[in-house]
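See below for the structure under consideration.
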Amino acid sequence: MTIFCSHCHRPLQAEMSCLPRRAKQAHSALKPFRSTKSASKARRDQINVELQALRSLLPISTQEKERLSYLHTMALVCVQLRGAQLFPPDSAPPVGPALGTELLSLLPGFLLVLSADSKLVYISENVAQVLGLSVVELIAQGDTVFDILDGQAREDARKKLLLAQEEPGREVMFVSEMRTSKAFRLQHRGNRAVAVRGRFTALGWPASPSTIAFLALCTPVTRLPADSDAGSWDDLFQSTHVLDMTFTDVTDSVTYHLGYRREELIGQSWYRLLHPEDTDLAAAQHKAVGDPLPAALGAVAGTAVLRVLRRDWTWAWLHVSARRDGRNHAIACTSRCLR
């Protein structure tokens, strides 16, 4: 008598079943796939090819392309994509970022374009003349404008950009030290203070976060000394205050920079001289000075670039360094006049 398998219905020579063999086949079919070294290398090679293709499309010199890492390549690609979204090649807006070298050389600073979420879209090539960093090197610092700012002015810049976005067309300005090259910092003893003045503008209709941009001109506000007089005190004056920032003493050189006589300032509040838009930044510095820890260590609590009213009713830019004297319960400030 012929016996058939109950699963495959094939004739069997004995009382047996092919179920174990089928189960074994099913088990081998469900075995998870394991990536081999050759497969991983193939994927890496494919990624390298794609990155090389993207790198070749970047509008930068061949020398700069050769120095780009993978992360920097992707950062530049993202900037180019944002720029293409705001300034499509076929639209050719008259205020677009495609400016000639001759025109850029006539500007007192460099151009900056930000997206609605404060990400970098465009930086003009003459930024190297101001900060000592090329566009590629500056974008390598980070993805947003806050990554290239230095010091306490980041929060002030955030507030000003938010205000400008809430009221499109309104011009705002903030001042901050921007990151510079190491050679620049060694030569000039620090980063460079830059005034950013601009407004949000709709580049398409209807206006939306994807069609508005912050267009700004960034000009240096510091008068950099030459190498021979980098340590000169001619552009400085020093002042002493009680803890509420009332003047108790000031050097006579304040007359040259601000026009006030020493006697006029003693007993007056520091806040009476400040520009209204800079009071928040000054208050943040004042609060940092009031921290008892840096006072105990005798360390500089912070620096800020502020506008102060001169006696002739014009504004002077000052780079102010504050230090608290814990023994005398006083605050000492060193102010460098910028312009």
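Cβ coordinates are placed from backbone N, Cα and C, and glycine is handled just like the others.
Noted in TrEMBL for the protein shown:
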type: DOMAIN; residues: 31-84; note: domain 'BHLH'
type: DOMAIN; residues: 102-168; note: domain 'PAS'
type: DOMAIN; residues: 250-278; note: domain 'PAS'
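Each residue in the domain 'PAS' (250-278) has a pLDDT score, and their mean in this model is 91. The domain 'PAS' (102-168) makes no contact with the domain 'PAS' (250-278), as judged by fewer than three Cβ pairs under 8 Å among residues 6 or more apart in sequence.
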